[in-house]
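**Q** What follows is a structure written as structure tokens; I'll ask about it next.
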Amino acid sequence: MTDTPVLSVRDLVVDFPLRRGNFRALDGVSFDIAAGEVLGVVGESGAGKSMTGAAVIGLLDPPGRFTAGEVHLSGTRIDTLTPAQMQALRGKRIGMVMQDPLTSLNPLFTIGDQLVETIRQHMELTEDQALERAISLLEEAGIPDARGRIHAYPHQFSGGMRQRVVIALAIAADPELVIADEPTSALDVSVQAQVIKVLKDLCQRRGTAVMLITHDMGVIAQIADRIMVMNAGRVVETGPVAQVIRHPREDYTIKLISSIPTIARTGEAPPPQPQGSTPAFVQVQGLVKDFDAGGGWLARVLGRGVPPFRAVNDVSFRIGRGETYGLVGESGSGKSTCARMIAGLIEPTAGRVVVNGMDVWQVSAAERARRRAVQMIFQDPYASLNPRWRVGNIIAEPIRVLGLAKGSEIEDRVADLLRKVRLDPIVMRKFPHEFSGGQRQRIAIARALSSQPEFIVCDEPTSALDVSVQAQVLDLMSELQDEFGLTYLLISHNLAVIRQMANDVGVLHRGVLVESGPVDAIFDHPQADYTRMLLDAVPDLADIE
Amino acid sequence: MLIFILRRLFQSVIVMLVVALIAFLIFRYVGDPIVSMAGVDTRLEDQELMRQRLGLNDPFYVQFWNFLTNALQGNFGISYRLQQPAMRLILDRLPATIELAVVSATLALVLGVLMGIFTALRARSFLSGVIMTLSLVGVSLPTFLIGIGLIYIFAVELQWLPSNGRGVTVQLGWWRTGFLTESGLRSLILPAITLSLFQMTLIMRLVRAEMMEVLRSDYIRFARARGLPDRVINFRHALKNTLVPVITITGLQLGSVIAFAIVTETVFQWPGVGSLFITSVQAVDVPVMATYLMMVGLVFVTINLVVDILYYLVDPRLRVQGKGR
């Protein structure tokens with residue numbers, strides 16, 4: 001019996017019949033997962049990872065079609081079952097954890113409702129028994145005070161806690177297989193590590209097989225036993241984790257692994273610069289931002305007001321000309337708020353931002369000069385480009401608004417900018433949706449460069465991108481920095497990216513800058529506990545033996 | 001919760017003050033009240049005396065204050081046309097309008113939500129196509145045409161239902177109801193359908209669009225992955241989420257059903273406030289118009305308040321702010 005794998009997939013083919021012809025999303029995918037084993041499925045977006053999971057659990061989005069192949073669950077064939085039989089199997093024998101814990105729970109029902117409902121669907125239990133089981137599941141998943149919080153609504157939990165609830169839901173009926181589709185990509189590193197541990201512990205204790213889908217090799221390295229690399233709907237390579245990461249056989253795997261930034265210093269360290277040697281180009285002094293936490297005047301009159309929330313608390317640092325300052329921290333630490341104040345988008349409650357000798361918020365005459373000299377690149381290239389505008393127009397807008405060029409000169413400049421970000425100038429006639437994520441981020445960079453700025457604030461510029469694309473975009477940013485002497489403020493939750501890109505780094509924790517200094521010094525000898533905790537939580541390929 | 005309601009109440013009061021101001025301005029400055037009240041042969045001295053007695057020579061704010069205090073006591077002046085207090089005229093007619101509005105709103109809500117759910121779940125079925133096509137007719141045909149069409153078919157040709165009036169009514173205290181007699185109920189059918197048709201199609205299309213959106217969301221996918229049966233997913237998880245935005249729009253629509261039953265009431269000679277309003281406009285009966293305006297304002301403000309509180313009850317995210325985070 002132990003020889004039968006829990007999940008066995010053979011020559012799976014999934015087609016999407018589209019108007020323009022058939023799109024083969026999965027082409028001959030085969031793999032096995034044994035009981036208690038964790039199979040990590042990696043690949044870039046569009047590789048067919050999630051599609052494989054959806055096909056196994058029978059939740060392909062229309063018009064997707066299961067064209068050929070076989071899926072066996074503990075020896076029984078399940079791809080031929082009727083929809084009703086398949087539905088009885090979901091949750092009971094195959095559990096699923098989805099990517100975004102913020103949206104995968106129904107916001108209008110308490111977590112207890114959702115757990116009890118799932119448990120009673122699959123097990124013959126009374127309401128009270130189901131509730132008891134729900135509480136013990138939550139406790140196992142590491143929710144403190146599970147009994148007291150079972151009647152809370154999803155929005156009352158943080159992202160990491162919600163993902164624990166989702167995991168508890170997935171294993172509620174002791175399934176044989178859990179499909180975890182990017183279970184930690186939406187979470188902070190420190191939370192990510194805890195959630196991975198919860199998932200691994202729970203599944204190991206129950207002998208549950210896990211199919212872990214992720215684009216993050218670090219996560220796989222931490223938890224998986226075997227690894228399956230996918231690309232363009234096919235399996236590229238399968239093998240034990242250490243073997244695939246240390247000695248990848250296929251070109252694609254080699255390329256994928258080499259493009260992952262590592263937190264350890266690779267290559268040459270930048271020449272050490274004595275503190276204060278370069279003149280400070282950007283100076284941030286005692287920056288504070290309070291947000292009104294709501295309530296309004298009536299609440300205040302009635303004495304029920306909420307004190308303002310201090311998002312950024314007394315942050316000071318300096319960036320030398322042509323250098324990169326990295327700002328790291330978890331979500332809610334005030335990184336983006338800092339970025340916006342420095343870029344001049346929101347007004348600080350207190351403090352000064354001096355760029356090239358001009359106080360961004362004091363000198364009103366400086367506003368125009370600032371708009372030219374300071375630009376910003378945003379996180380999500382899908383949302384930061386106007387979908388109704390042509391690319392040429394998007395890039396030309398700052399030039400036009402600031403009056404930097406006229407007539408046909410504008411077009412020449414746009415073409416020039418596109419060439420600088422390694423895009424063909426012909427694309428200026430196209431719309432943003434015709435581009436991939438990486439290309440869009442290049443367009444965003446071109447737009448930022450169009451006003452010939454000296455300082456660019458980059459707010460998570462690569463976190464929405466695949467690793468190989470991330471590497472390209474980061475390379476491009478470095479090249480442009482060398483070429484134009486740009487100064488960057490690079491904000492990221494990805495410590496590896498910061499290590500590769502930045503000269504100096506600051507660590508933000510709840511709005512306070514807990515540590516700031518040269519990147520190598522801080523990463524190799526962190527002083528603050530928080531920094532140490534962040535660094536420890538990062539899964540790293542270098543740790544694999 | 002208390003603060004929430006208090007804040008909403010405060011906003012409602014401000015809205016009502018603005019409405020009162022507009023009503024007052026109409027009352028005072030649309031034509032000269034004295035000219036409307038006095039006959040052609042009233043002497044100028046008498047007119048001046050009336051002006052004094054009615055306080056029309058007082059400063060603006062004093063007059064507005066008097067208007068407000070009178071309005072709070074339900075005193076909106078005397079109808080020029082009927083020589084009765086405007087408030088009593090409106091109150092006499094109000095039950096007819098409210099009964100019509102409630103019946104048609106219920107009709108619109110029940111049928112609209114049911115058809116909305118059906119067309120969302122069976123988006124590709126033939127019946128959905130038929131309903132969607134017919135709903136276009138409901139949205140695009142003007143109310144009076146629907147009313148006249150229904151009268152022609154069911155009252156004139158088939159002679160099944162009466163074409164106008166409320167039929168036999170029963171007096172319950174100050175409330176005159178048509179619910180208790182057969183002829184009253186029969187008279188209600190055609191106008192109620194006419195009035196509800198537009199709202200019904202609107203609600204249906206809204207529910208359909210919302211529901212299809214919700215069915216695509218992650219938590220519905222996750223509910224499927226948990227193995228919940230379709231019935232539970234559709235009617236427990238999806239429907240409740242669908243209703244959150246629907247409540248807002250529906251509430252406002254209910255307001256307009258009560259306030260703007262004018263066309264339907266005119267077509268069916270329904271003795272409600274809408275037809276009273278039309279005759280008052282024709283006779284430049286300013287006090288009645290001002291009262292009507294205040295009433296419509298009050299209806300909208302009240303419904304908005306109720307909708308906000310409902311919203312609060314349905315969506316837990318509004319209830320507990322900032323806790324547990």
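Quick reminder: no glycine exception, Cβ is built from N, Cα and C everywhere.
For B:94-311, the entry in TrEMBL reads domain 'ABC transmembrane type-1'. According to TrEMBL, the feature transmembrane segment maps to B:12-30, B:100-121, B:133-155, B:188-207, B:243-270, B:290-314.
In terms of burial and nearby residues, how do these features look in this structure?
**A** Counting residues 6+ beyond its ends, the transmembrane segment (B:12-30) has Cβ neighbours under 8 Å at 56, 63-64, 67-68, 71, 77, 284, 286-287, 289-291, 293-294, 297-298, 301-302, 304-305 in the same chain.
Long-range contacts of the transmembrane segment (B:133-155) within its own chain (CB-CB distance under 8 A, at least 6 residues past either end) are made by residues 115, 161-163, 190-191, 193-195, 197-198, 200-202, 204-205, 263-264, 266-268.
Here the transmembrane segment (B:188-207) has Cβ contacts under 8 Å with residues 99-101, 103-105, 107-109, 111-113, 115-117, 119-120, 131, 135-136, 138-139, 141, 143, 146-147, 150-151, 154-155, 161-163, 166, 178, 242, 245-246, 249-250, 253-254, 257, 261, 264-265, 267-268, 270 of the same chain, all six or more residues outside its ends.
Tertiary proximity for the transmembrane segment (B:290-314) is limited to same-chain residues at least six positions away from its ends with a CB under 8 Å from its CB atoms, namely 1, 4-5, 8-9, 12, 15-16, 19-20, 22-24, 26-27, 71, 76-77, 86-87, 89-90, 94, 240, 243-244, 247-248, 251-252, 254-255, 258-259, 273, 276-277, 280.
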**Q** Can you work out which residues elsewhere in the same chain, 6+ from the ends of the transmembrane segment (B:243-270), have a Cβ less than 8 Å from its Cβ atoms?
**A** 96-98, 100-101, 104-105, 108-109, 113, 143-144, 147-148, 151, 163-166, 190-191, 194-196, 199, 202-203, 206-207, 210, 277-278, 296, 299-300, 303-304, 306-307, 310-311, 314-315
